Amino acid sequence: MSAYRRPVALIVLDGWGLNPDPRANAVAMARHPNFDRLMARYPHTTLTASGEAVGLLPGQMGDSNVGHLNLGAGRIVYQTLVRIWRSIQDGSFYTLPVWRPVLDRAKQPGKALHLMGLVSDGGVHSHIDHLLALIDLAKRENVERVYVHAFLDGRDVPPQSALPYLERVEAKLKETGIGAIATISGRYYAMDRDKRWDRTEKAFLAITQGIGHTAGSVAEAVERAYARGETDEFVQPTVIEGVDGRVREGDGVIFFNFRPDRARQLVRALHETAFDGFKRPEGYRPVELVTMTQYDQTFTDIPVAFGPQFVDVPMGQVVAEAGLRQLRIAETEKYAHVTYFFNGGEERVFPGEERVLVPSPKVATYDLKPEMSAYEVAREAVKWIEEDRTDFIVLNFANPDMVGHTGVLEAAIRAVEAVDECLGQVVDALLAKGGAAVIIADHGNCDQMVDYETGAPHTNHTLNPVPCILVDDQRLDAKLKPGVLANVAPTLLEIIGLPKPPQMDADSLLVSNAEGA
């Protein structure tokens, strides 16, 4: 062990919000004896994990990317959603130089501009207002042929809410007179991130070959999907008849999602010369492509509208520079969050940083296996703690969020109960070594599984506060202030005994003697 002599962990119960309403509340309905005993024994408070508190727009729900950025940064990190929104408001969006090549290409004879991305106001991966602004941009630039390839949400917004969003897009296209919606596809297909290439292939074939289900109109496409029992997320790729909006060689393409992870696979299929995810019917066909943000550091030849913002001196760097060992551990669904995002949005591994990736189960939807890989994550973490192999741990339990997204209440309850059991195992191992833990959530989700107004499944995140428990037998009498996610890193540094760097402008949640006086 290090000179600090005890392990300290940040344990993220992803999607475990605190909802005062018990209705369809998986957290309230589940049995969680370990969480309850920790709340009863140790200091605790609540954290705001949405809106301006995490660098989003007021009333905007948080997500895991945003949450882990703020957790590791020790300051509020203003998100890309806000940056784009501000640029639209001040007009600078419409004059970004990055648009020029793709617009010029689309204006060439026989060419078109394709706008593709998630069409909703969920604000997690995209925002419909950004698409509408791009249509306005195309009109200003006299682009005559614009085709929208709309990916349906149903996850960060209600499961059957696509039509009003699509109607807004169609109204804007009619107003400008420059295009049409060419295809629709549920995000399950168009935005897979787990290398399930058969899903990506279906979306790709609809977009580039016009292969898939067909419908005479957008409304008919959605209605037929609902009749097949599909909610928005799972709508099979559908081509709108009478709109030949296939992406052809030399066309211009703007992918307007701002969150990278679920956009990468389709971009690879469209852009890479040596692509092996599936067989493309016509092989590689180059297009003029722009993405809203940097989707991957390996996409060096794809222009981006809003470049990455890096966080100087995140917590992982402070821990590394102190000579301490750190472990990042999660299953596949949240691995990027405890590594890339917690490290400030950069692909970097600090000295002494070890990573353990536990594969997520290969199931169609996680309600089929609510425990996911939580037991394996816990088992591995306990092993590292018992063997004195690490000083600081960042651990994420994905279940409350990922199962919450399915909208299946019974499964979400089982997910919470599985995580509670695993939480107890990890905390007990830490305490046996004289260690400490800060237990939090990065946002809510399974704390509301039904839309209280409509009775439909509620599959998106919530705006509810999240718990924060300081498990430390050396600080049983400590008091914690209410705070935000940015306060967590300074709190952890205080517990470890490391000074907070000046770049972290958030305070520790621990009430000082002066404050308590």
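Every residue number used here counts from 1 along the chain in the order it is shown.
In case you wondered, yes, glycine gets a Cβ from its N, Cα and C as well.
Ser64 (active site, phosphoserine intermediate) falls within a helical segment according to DSSP. According to Swiss-Prot, the feature active site, phosphoserine intermediate maps to Ser64, an assignment based on sequence analysis.
Close to Ser64 (active site, phosphoserine intermediate) in the fold, though at least 6 residues off in sequence, lie Asp14, Lys334, His337, Phe341, Asp401, Asp442, His443, each with a CB less than 8 Å from its CB. The Mn(2+) 2 binding site annotation in Swiss-Prot covers Asp14, Ser64, Asp442, His443 and is backed by sequence analysis.
Annotation comment: Swiss-Prot describes His125, Arg155, Asp156, Arg187, Arg193, Arg259, Pro260, Asp261, Arg262, Lys334 as substrate binding site, evidence class sequence analysis. Around Arg193 (substrate binding site), the C-beta neighbours below 8 angstroms that are at least 6 residues distant in the chain are Asp261, Arg262, Arg264, Gln265.
Of all the Cβ atoms in the protein chains shown, 24 others lie within 10 Å of the Cβ of His405 (Mn(2+) 1 binding site). The Mn(2+) 1 binding site feature in Swiss-Prot is assigned to Asp401, His405, His461.
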Ask   = Checking the binding-site residues His125, Asp156, Pro260, which are within 10 Å of His461 (Mn(2+) 1 binding site) at the Cα level?
value = Asp156
Remark   = Row Asp156 (substrate binding site), column other C-beta within 10 angstroms, all chains, value 21
Message = Taking the Cβ of each of the binding-site residues and counting other Cβ atoms inside 10 Å, which one has the highest number: Asp14, Asp401, Asp442?
response = Asp442
Task = Taking only the Cα atoms, work out how far Pro260 (substrate binding site) lies from His405 (Mn(2+) 1 binding site), in Å, as a whole number.
result = 19
Remark   = Note: in the chain of His125 (substrate binding site), residues six or more apart in sequence with C-beta under 8 angstroms of its C-beta are Gly117, Leu118, Asp156, Arg187, Met191, Asn257, Phe258, Arg259, Arg262, Ala263
Task = Drop a 10 Å sphere on every Cβ of the binding-site residues Arg262, His443, His461 and tell me which sphere holds the fewest other Cβ atoms.
result = Arg262
